[in-house]
Amino acid sequence: TMWPLPAALSLLLLLLLLLQAPPCRLQSLGTTKLRLVGPGSRPEEGRLEVLYQGQWGTVCDDDFALQEATVACRQLGFETALTWAHSAKYGQGEGPIWLDNVRCMGTESSLDQCMSNGWGVSDCSHSEDIGVVCHPRRQRGYLSERVSNALGPQGRRLEEVRLKPILASAKRHSLVTEGAVEVKYEGHWRQVCDQGWTRNNSKVVCGMLGFPSEAPVNSHYYRKVWNLKMKDPKSRLKSLTQKNSFWIHRVNCLGTEPHMANCQVQVAPARGKLRPACPGGMHAVVSCVAGPRFRPSKAKPGRKESWAEELKMRLRSGAQVGEGRVEVLRNHQWGTVCDHGWNLISASVVCRQLGFGSAREALFGAQLGQGLGPIHLSEVRCRGYERTLSDCPSLEGSQNGCQHENDAAVRCNVPNMGFQNQVRLAGGRSPEEGVVEVQVEVNGVQRWGAVCSDHWGLTEAMVACRQLGLGFANHAIKDTWYWQGTPGAGEVVMSGVRCSGTELALQQCSRHGPVHCSHGAGRFSAGVSCTDSAPDLVMNAQLVQETAYLEDRPLSQLYCAHEENCLSQSADHMDWPYGHRRLLRFSSQIYNLGRADFRPKTGRHSWIWHQCHRHYHSIEVFTHYDLLTLNGSKVAEGHKASFCLEDTNCPTGLQKRYACANFGEQGVTVGCWDTYRHDIDCQWVDITDVGPGNYIFQVVVNPKYEVAESDFSNNMMRCRCKYDGHRVWLHNCHTGDSYRANTELALEQEQRLRNNLI
């Protein structure tokens, strides 16, 4: 017969195929399909695991060396590999051994592009599971570590967690902080059995819901309520609890996990589905403690030391509540944290310290803007139990070549206060703009209506955009006749709104009791346009301090400056061109630390040509320069400086985009700075009429809030100034947000000082 020949041929072909070991390219892995399982505080090392066909498995150490480790580390977002570890150094894994005899050239972008025996073809045991150690520095362009990247084998199915309030008092509050734990598993809500439930489990649940810590629960009381419900013939609880689909059988957390899916979660009992999932038990109950910003106003303040710790940390440039570039206060100076070694566990310590929950994302590569000043920390190694970031082992940021392009940032879990459901936009061309409509209580009934545009400004618009979850305000609009509001919601229900800028909702701002709007509803209802990124201008205070000096300048050289109102009024009465003016001169360097370019509010058609200096001014009042007494009264008239905006310098690798010459586009690019040297006209305060004494020298950038920024608290710079009649000394120069953490000026106080109302 002819039977053996085809069989031999097919066997030969199979051997050839195995020898060639072609890579399986049916599914591209991508960065979310590899993970390292090992010591929790070191994200760059551990047992290498691969996700294939929805299941995590390991890689055998046969033929595995530095080239293969390098490809794996790059795929995980690290720069390179330091070494590899054979023979299950990081513990034996579970599930299939997906890859064996992996051989890479070293240039591949993912492990599935390397040669191997094919998916699941292996002669290894789990005692040969490979581990890798990557360099902790992240690749450029590797953006973040998200909670969803770190979920366990069942993780993608543990979607959400919530608390179901049981006590009548808990049901009355809009913010639920205590109740039975419910977990959304594969699209259905289940309750968790309380057998084996620990405070560590509660801490993880609270962190996911935006709360920094957990509190003990009166389990005896909840057991009584449970037993009463079980005995109630009208209650369905007894029949429901007998079904295993009602329960999550067991959860075991360390308390450091950013998500419950990182814990050991057993959905059903181990030995067969017939065993009851929670025999004799009841649902687990958790009580969480809200952070200071989210407590009701009547709530007792927390411990003083925790508030003090919170003040040593802040988030900057984030579009949403609970996100931003991480900045820490050391030696009376704010500085950033380098992203080398930055991970979700360290990010969660930051979030909890600030009164939020655990971190949902740890961001690298200055994604939320570059900071200014020192880089205080690098290689932060939190274990997850620490109360503050300063408790975690770390290096000085200057020790390992960190730049501000490595500034770390976080996105934290924030409690759902329900504020987003109490505001909406109507009539705009896009979902990010429109008439602001709010829900308030009118005569005991919740009603939707408009907001009066009297006093409506960028600060109020910022709060509205934050409440809507749309980021920053681009424009505060007082005249909205061209936008059609929602029918039936045209009546003004809120007026006299004044916000400080830190509120979470318009309903938290001060406002009139009885509504009073000078022009009624309709075309003058308040409106906004929102954006997810905004510029942030900051004056380099150190440069001002280093460059200040006095000059007696002859009037013959001040005609242009006089024409542009850069001198005090007494100059009008001098015998021109004889005599001189005494000028306090300095250089200023204005950085854009935000995430969008700073552009003039008006287009070129309305820019003003200045013949004297022969260029266009795109913003007529860009800075205020003033000299004040120690109690805030102006002594030198100062002036409102108008400028031509351009990129004087940019960091290496960043292109200048704006230049004043030849009627060019004006603005300041993200990361760049606009410098006004001490020797150019109007870069001074005229102190001719000022006597010797101690003063405050003050510069305010974008003083009228003409252009929206992500943060106005750093727009004012102040120095202490000593003048003896012949010489001047500037010292202790600082921006408004950086002096002492516990005395940062509220925006309202800042405005009063600018307007000389103290």
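Residue numbering: from 1, along the chain as shown.
Glycine residues also receive a Cβ, built from the backbone N, Cα and C atoms like all the rest.
Predicted automatically and left uncurated, TrEMBL annotations should be read as such.
What TrEMBL says about this one:
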type: SIGNAL; residues: 1-26; note: signal peptide
type: DOMAIN; residues: 34-135; note: domain 'SRCR'
type: DISULFID; residues: CYS60-CYS124; note: disulfide bond
type: DISULFID; residues: CYS73-CYS134; note: disulfide bond
type: DISULFID; residues: CYS104-CYS114; note: disulfide bond
type: DOMAIN; residues: 161-289; note: domain 'SRCR'
type: DISULFID; residues: CYS253-CYS263; note: disulfide bond
type: DOMAIN; residues: 313-413; note: domain 'SRCR'
type: DISULFID; residues: CYS338-CYS402; note: disulfide bond
type: DISULFID; residues: CYS351-CYS412; note: disulfide bond
type: DISULFID; residues: CYS382-CYS392; note: disulfide bond
type: DOMAIN; residues: 423-531; note: domain 'SRCR'
type: DISULFID; residues: CYS499-CYS509; note: disulfide bond
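Annotated features, which come from TrEMBL, shown on the structure.
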residue	record	CB count, 10 Å
CYS60	disulfide bond	23
CYS104	disulfide bond	23
CYS124	disulfide bond	18
CYS134	disulfide bond	26
CYS338	disulfide bond	29
CYS351	disulfide bond	31
CYS402	disulfide bond	23
CYS412	disulfide bond	29
CYS499	disulfide bond	24
CYS509	disulfide bond	18
Work out, from DSSP, the number of helix, strand and coil residues along the domain 'SRCR' (313-413).
20 helix, 34 strand, 47 coil
Looking only at the domain 'SRCR' (313-413), what is the model's average confidence as pLDDT?
89
C-alpha of CYS253 (disulfide bond) to C-alpha of CYS382 (disulfide bond): distance in Å?
17
May I ask which of the disulfide-bonded residues CYS114, CYS263, CYS351, CYS382, CYS402 is closest to CYS499 (disulfide bond) if we compare their C-alpha atoms?
CYS351
Find, among the disulfide-bonded residues listed as CYS253, CYS382, CYS392, the one whose Cβ has the highest number of other Cβ atoms within 10 Å in the structure shown.
CYS382
Summed over the domain 'SRCR' (161-289), the DSSP helix, strand and coil counts are 39 helix, 35 strand, 55 coil
Run through the domain 'SRCR' (423-531) and tell me, per DSSP, how many residues are helix, strand and coil.
17 helix, 40 strand, 52 coil
Restricting the comparison to the disulfide-bonded residues CYS263, CYS392, CYS402, CYS509, which residue's C-alpha is spatially nearest the C-alpha of CYS104 (disulfide bond)?
CYS402
Site of maximum Cβ density within 10 Å, from disulfide-bonded residues CYS73, CYS114, CYS263
CYS73
Whole-number Å only: compute the distance from the Cα of CYS412 (disulfide bond) to the Cα of CYS382 (disulfide bond).
16
If one measures from the C-alpha of CYS338 (disulfide bond) to the C-alpha of CYS382 (disulfide bond), what distance in angstrom results, rounded to a whole number?
14
